[in-house]
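**Q** Take a look at this one; I'll ask things after.
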Amino acid sequence: MTHDNKLQVEAIKCGTVIDHIPAQIGFKLLTLFKLTATDQRITIGLNLPSGELGRKDLIKIENTFLTEQQANQLAMYAPKATVNRIDNYEVVRKLTLSLPDHIDGVLTCPNSNCISRSEPVSSSFSVKSRDGDVHLKCRYCEKEFEHQVVLQAD
């Protein structure tokens, strides 16, 4: 018995592949992290079959590389995602994500009275993990929120 494997999303020669994104999260990552703010080609796979997740999203950005800090900020939305650096069609570096200590300029504070919602300042949250739950503390209003509350505010 033979298996014919075919890529469902075209391979890239050089750039970044963000794989194992939970289904329905890919577009949110593109928007929040301003991944489309480039003139490079971006390929998106949505609801692709995945042995581990059932369904997954995938983002490929040609000739663009994420820093480890940028990659780790993705962990809030896609904790099991991997960020692969591609060179000459080969994976040359694979990052496994971990929660960063801070997330800046990406999320919106859910506190409607927070100055980050009305003043020209970038949002800033410190990330705290307690008993497996992730909490975010706003730098400006100093309120602490469960991470799901902050993610839904966007």
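Glycine residues also receive a Cβ, built from the backbone N, Cα and C atoms like all the rest.
Remember, predicted model here, so these are calculated numbers, not experimental data.
Swiss-Prot lists these features:
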type	residues	note
BINDING	Cys109, Cys114, Cys138, Cys141	Zn(2+) binding site
**Q** Among the binding-site residues listed here, Cys109, Cys114, Cys138, Cys141, whose Cβ has the fewest other Cβ atoms inside 10 Å?
**A** Cys141
**Q** Beyond Cys109, Cys114, Cys138, Cys141, what residues of that chain have CB atoms within 8 A of the centre of the Zn(2+) site's CB atoms?
**A** Pro110, Asn111, Asn113, Ile115, Ser116, Arg117, Ser123, Arg139, Tyr140, Glu142, Lys143
**Q** Under a three-state reduction of DSSP output, how is Cys114 (Zn(2+) binding site) classified: helix, strand, or coil?
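**A** Coil, per DSSP.
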